[in-house]
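Student: Here it is: the structure, laid out below.
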Amino acid sequence: MGDFFKFENGDFDFPFYNDIPKLSTVDWIILLFGPLLFVAILLLPFSLNSNAFAVLSCLLCLIPVVYVSKGNLKLFFRIPERRDIKLIVLCFISYFIYAIIMATLLDYFCLSTAANPVFGMHMDVMFFVSSAIQLMGEELFKIILLIIPMFVVYRFTNRRKFAVVSGVVVSLLLFALLHLPTYNYNFFQCIFVIGIGGIFNLFAYLKTKNVVASYLVHILIDFVPFIMSIIIN
């Protein structure tokens, strides 16, 4: 356990990076295709219906994860424990404190931020269902892009902590860049608010190795502002 960070739950480890369980070359290619196809649908020359995009983006990452799990979905998904609930709430609160501080700093340095275009949409029940589906796709996108760099780095260095840090940097950077079109290509906002800010829900996964935990943090981070805007308006 000496190669684990102190904050981690040592009862669980990340799957696949150390060949436990071992994936074939084909399995790795299938897993990689999830994020690649996720990005590809963002680059389509036509716009998909928001509901169709949500379902498709989720399936493109979920299907590879289910396939490489070979029926052992507990490698990724478990029912959160009681202590996990406290972690989820703490990560959610920490993110909003960070987001407020970062937004203030960006404003202080005259680096304007773009509003999330979602706030201009009609928020009915279907909106929340569609958003919940899409957020699972986004979460799996990040987790896959955490595990693949971990596998590569660990294979060449045999240093788990270095592999984890490398995976986190790659995952959060690519997730930030993914949001550039959404936020009018505001680079600083995407890197500092979306990218680095993404560590708060990713931390829930890093600690628990449970996608459900990080997904619930992501749900809270996105849904609470939506619900507040509905109440205010």
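Easy rule for this one: first residue shown is 1, then count along the chain.
Each Cβ is built from the backbone N, Cα and C atoms, and glycine gets one as well.
Since the structure is predicted, the reported quantities are computational estimates derived from the model, not experimental observations.
So TrEMBL says this about it:
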- 126-224: domain 'CAAX prenyl protease 2/Lysostaphin resistance protein A-like' (DOMAIN)
- 28-46: transmembrane segment (TRANSMEM)
- 52-73: transmembrane segment (TRANSMEM)
- 85-106: transmembrane segment (TRANSMEM)
- 126-154: transmembrane segment (TRANSMEM)
- 161-180: transmembrane segment (TRANSMEM)
- 186-206: transmembrane segment (TRANSMEM)
- 213-232: transmembrane segment (TRANSMEM)
Student: Does the transmembrane segment (126-154) come near the transmembrane segment (85-106), with 3+ Cβ pairs under 8 Å (pairs 6 or more apart)?
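Tutor: Since fewer than 3 Cβ pairs under 8 Å link them, the transmembrane segment (126-154) and the transmembrane segment (85-106) do not come into contact.
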Student: Should the transmembrane segment (213-232) and the transmembrane segment (85-106) be scored as in contact, given a threshold of at least 3 Cβ pairs under 8 Å and pairs 6 or more apart?
Tutor: yes
Student: Report, as numbers and ranges, every residue of the chain located at least six residues beyond the transmembrane segment (28-46) whose Cβ falls under 8 Å of a Cβ in that stretch; write 'none' if there are none.
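Tutor: Tertiary neighbours of the transmembrane segment (28-46) are 16, 53, 56-57, 60-65, 67-68, 137, 140-141, 144-145, 147-148, 151, 174, 178, 181.
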Student: Kindly say whether the transmembrane segment (85-106) and the transmembrane segment (52-73) touch, using the definition of 3 or more Cβ pairs under 8 Å where each pair is 6 or more positions apart.
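Tutor: No, the transmembrane segment (85-106) does not contact the transmembrane segment (52-73).
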